[in-house]
Amino acid sequence: MLRVFVLLIFNVNAYCMYLNWTSHDRPNIVMIMSDAFDGRLTFQPGNKVVQLPYINYMRELGSVFLNSYTNSPICCPSRAAMWSGQFVHLTQSWNNNKCLHPNATTWMDDLRKSGYHTHSMGKLDYTSGHHSVSNRVEAWTRDVPFLLRQEGRPVTDLVGDASTKRVMIKDWTITDAAVQWIRNTTASLTQPFALYLGLNLPHPYRTDSLGPTAGGSTFRTSPYWLNKVSYNQVSVPKWLRFKDMHPVDYYSTVTKNCSGHFTEEEIRNIRAFYYAMCAETDGMLGEVMAALRDTGSLNKTVVLFTSDHGDLAMEHRQFYKMSMFEGSSHVPLLIMGPGVKSGFEVSLPVSLVDIYPTVLDLAGVPQTGGLSGHSLIPLISRVSIHSAEPHPAWAFSEYHGCNANTSTYMLRIAEWKYIAYADGLNVPPQLFNLSKDESELRNIASQFPDVCQDLDKLLRSIVDYPSVSKSVHRYNKQQFLEWKQSLGDSYSQVIASLRWHVDWKKDAKSYERDIDEWLLGLD
C-alpha cells in the first residue's frame, strides 16, 4: 500500500513538472464550451470579420490550435467524445439520442477524485435519451431513398437596439451564475477548482413559426452585436452546381432546406448575423475572465475555450453542422494559463478527445487507460517535454446522424483532408488539399489515387469503418422498427407530423412504402 502511495505522489509530481507546478499548487481549470463556433474565427485572417476581444486576449496570452477538429460534427456525439476521451465509434454515440450512459466516467470525475472542487454549469448534452423525436427519426431513416426537407430555411432576426447586449438570455443567465460562483465560492476553497461552463451560442435559434418540432434555423442578434461585424469583410461563398456536388453533400443541401434560391444579400446577412452571435459568445467569455481576474484567480487558472462543432453559415450551400467541411468540423481550441506558452500557434491537427488527457496533465493526474486522445501539454508547455506517446500527425472525425445519408469518416493530416463514406465502395471518397483549396471546392480524389490509397489505409488503421457503418445501419433499422411498433395505429399520423411534414404530406403513402421496403432488409 505504501509503495502504491509513493508511486502516486511521484506520478503527480512528474506530471506537474510539465508546467513547473508542485502537487500542492495545482492550477484551477476553467473550460468554456460554446456550441457551433467556427474555429477559423480564432486566428488570422478569420477574426478580421468580427471583433472577438477576449478570444484575441486568450490567443495573445496563451496558445491557439490552428487545426482543431470535432470528433463528430453534431452536438451530443461530439460532447460524448470530449467528455469520455474516446472516439465516437468506441462509445457508439451514433446520433443526438444515442450517446453516453449517465454514469459514464468523465475527466471531471477524475479531477474530483484527485481532490479538485468541481462544478459544471450550462449545456452538457453528452448522455443518451435527449433531443427531439424528429431528430432521432431523421437519423434512423437517413438511408431511406427519399429526399425530404428536414430543417427550416435559414433566416435572420434582428431584435432590440444598439444597447441590447443580452440576446441569448439563457446563456447570459448561466454565465451570470458562473460569475457569481467564481466570486462567492472560490475564495473559501482550500483545494483547486475545476469549472465547466456550457453555452448554447452561437448555435442558431429554433424557428418557432415552424412549430414545436422545428430545428434551429434562425440567426438572431441585436444591433449591438451586429456592430461588431465588419460587413464589408463578410464574404459570399462560392457554391458548386448541383450536378457537381458530391451525392452526400447534395442530400445535405436539400434536407437542410438550402436548395432554393438565395440572394447574395440573404447569404451575407446570414453570415453576418452568425458572426454577431459569435461576438456575443465572446462577450460571455469576457465575463468569466473578468471574474477570474477580479478575484485574483486568473494567474492561477488554466482557461480553455472550445466548441462542439462549427457552423457552415451558407458555405457549400448549407448551414448548421453535420459535414466534414471546415466550417462544420473545425473547432476553436485556445488554452491560456500558468506554464502555457504565450502567443503560440500549434499547426498540428488535434481534436476534442485530446482534452481529456490534457486536463489530466494540467491537474497532475496519471493518465487513464483506453483514451483515444493525447495530451496537448507537451505541445504548449514553456518547459521542453519529451512525451512517451507523442501526438500523432492526424486528427479523426466521424458522423452517423441526420442530414447526411451515410456514415462519414474524415482524416486530416498535413495539407490533406480525406473523407470516406459507408463501406468505402458504394460512395466515392473526397480528397482536398487545404493548402491550395481552402474553400474545399475541388475534390481531387480521382487525380491522386495513390494519396487516397495511403490515407485510406491509415484511416482503416484507426477505425474499421466498413464494419462501423454496417453496425450503424443495423442499429438505425432496429431503433426505427421499435419506435414504429410502439406507436401502433398512430404511426402514420405521428411520422407525418415530424419536421419533414411539409414535404411528407405531398405523397405520404409513397414515403411510407419507401420505409417499409427499407425495413424488409432488416439485418
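Glycine is no exception: its Cβ is also placed from the backbone N, Cα and C atoms.
Among the candidates Asp35, Asp38, Asp110, the residue that Swiss-Prot annotates alongside Cys75, Asp308, His309 as binding Ca(2+) is Asp35. Per Swiss-Prot, the residue annotated N-linked glycosylation site among Asn405, Asn433 is Asn405. Checking the candidates Asn103, Asn184 against Swiss-Prot, the annotation N-linked glycosylation site falls on Asn103.
Looking up Asn257, Asn299 in Swiss-Prot for N-linked glycosylation site, the annotated residue turns out to be Asn257.
For the binding-site residues shown (Lys123, His246, His309), fewest C-beta neighbours within 10 angstroms: His246. Put simply, His246 (substrate binding site) is 17 Å from Asn257 (N-linked glycosylation site) when counted between their Cα atoms. Cβ neighbours of Cys75 (Ca(2+) binding site) (same chain, under 8 Å, six or more residues apart in sequence): Asp35, Asn96, Asp125, His131, His203, Asp308, His309. Residues within less than 8 Å, Cβ to Cβ, of Asn405 (N-linked glycosylation site) and separated from it by at least 6 positions along the same chain comprise Arg142, Asp143, Pro247, Val248, Tyr251. In the three-state DSSP reading, His309 (Ca(2+) binding site) counts as coil. Using the Cβ center of Asp35, Cys75, Asp308, His309 for Ca(2+), the list of other same-chain residues with Cβ within 8 Å runs, in sequence order, Ala36, Thr70, Pro73, Ile74, Ser78, Arg79, Asp125, His203, Ser307, Lys321. Counting only the Cα atoms, the space from Asn103 (N-linked glycosylation site) to His246 (substrate binding site) is about 40 angstrom. Per-site Cβ counts within 10 Å over the glycosylation sites Asn103, Asn257 peak at Asn257.
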